[in-house]
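Novice: Can you keep this structure in mind? I'll have questions shortly.
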Amino acid sequence: MIISAASDYRAAAQRTLPPFLFHYIDGGAYAEYTLRRNVEDLSQVALRQRVLKNMSDLSLETTLFNETLSMPVALAPVGLCGMYARRGEVQAAAAADAKGIPFTLSTVSVCPIEEVAPTLKRPMWFQLYVLRDRGFMRNALERAKAAGCSTLVFTVDMPTPGARYRDAHSGMSGPNAAMRRYWQAVMHPKWAWDVGLNGRPHDLGNISAYLGKPTGLEDYIGWLANNFDPSISWKDLEWIREFWDGPMVIKGILDPEDARDAVRFGADGIVVSNHGGRQLDGVLSSARALPAIADAVKGDIAILADSGIRNGLDVVRMIALGADTVLLGRAYLYALATAGKAGVANLLDLIEKEMKVAMTLTGAKSISEISGDSLVQELGKSLPAALAPMSKGDAT
């Protein structure tokens, strides 16, 4: 199979993975309206083509939180990453490390902090949820700090799990889910051998280390469902600061006022994100939300963005809309499931090449030269008909 884009990796991953795993990462909340809009809105951001600009000294390098990145991209935290390839977090982190960009380990990773961090040359980032069990949160923060993690990504858009219809249909949840997953694995022998048998243990490593006992998929679903904390508030940031003195990024911002609050409460960065369309359907796409947020806080706080990014052109679009750096989620999971570390490394090479093409043809020699001036029109200020506000009929 010829691989020339993230879409090719998606097609390959769908063939390789048991359906419960493919649809877990591929799906979104409710009718998946926001999931689709993330991609569609971003694809309609028009860039100004500029020519005869002597682009021979083009550079993608940037700096974030005193770290030098080879390009303005980081790998996002993804739960159960180690179910998509054998010790998947270790493989994905190695690809990011070799490329000179950060890898973010999820709270609910298969591989624990202590397994991933020692394999890397550069410090990784760690993602944390607000959970009812504050003892676990403190333990995770202390372990992340001891392992040399440089940046904390604090996810705030999951006070409760989203309603993900696909999960019930695919076998991730719902009636007879464990039996359905078993038979799906049997029907996908490549995955069953590489990950199902040789990728053990399939614990949630960070949680198992705290609880002192193995945790499987059913524990993952049950433990998280019982521990997400709807009482989360901005004061939780103050509590976290007692145990974390490094850069802290608030992930899950879609409103300018929340972005301003993040500045007021001392966050170092925000991620403009709707959780890849996996939490509340019908909210703004990240591309649509980003310009107003950038207008509100650009220069006061680092702005990262995710959701809908599938190629290097999308990275340039997000930066033109106001982001400093982007996070890749689904795209790298597809590559990881298809070819492990080599797949992620190849995807990052493709994104780098695509960014260079886009920057060359828009006359931007450096990341700092990509701005609103690079746009034909800024998304959300002069919307074409396809991006008009959702009507009542669209919501049904």
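Note that Cβ sites are derived from N, Cα and C of the backbone, with glycine treated the same way.
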Novice: For the substrate site, Swiss-Prot lists Tyr24, Tyr129, Arg164; sort out which one of Arg264, Arg278, Arg288 goes with them.
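Specialist: So, going by the record in Swiss-Prot, that would be Arg278.
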Novice: Could you give the Cα-Cα distance between Gly322 (FMN binding site) and His275 (active site, proton acceptor), in whole Å?
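Specialist: Their Cα atoms are separated by 18 Å.
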Novice: Spatially, which candidate from the recorded positions Tyr24, Tyr129, Arg164, His275, Arg278 is nearest to Asp314 (FMN binding site), comparing Cα atoms?
Specialist: His275
Novice: To the nearest Å, how far is the Cα of Arg278 (substrate binding site) from the Cα of Met318 (FMN binding site)?
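Specialist: Here the two Cα atoms lie 20 Å apart.
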Novice: Any same-chain residues 6+ apart from Val326 (FMN binding site) with CB under 8 Å of its CB? Would you list them in sequence order, or say none?
Specialist: Pro72, Val73, Ala74, Leu304, Ala305, Asp306, Ile309, Asp314, Val315, Met318, Ile319
Novice: Going by DSSP, is Asp314 (FMN binding site) part of a helix, a strand, or coil?
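Specialist: Reduced to three states, the DSSP call for Asp314 (FMN binding site) is helix.
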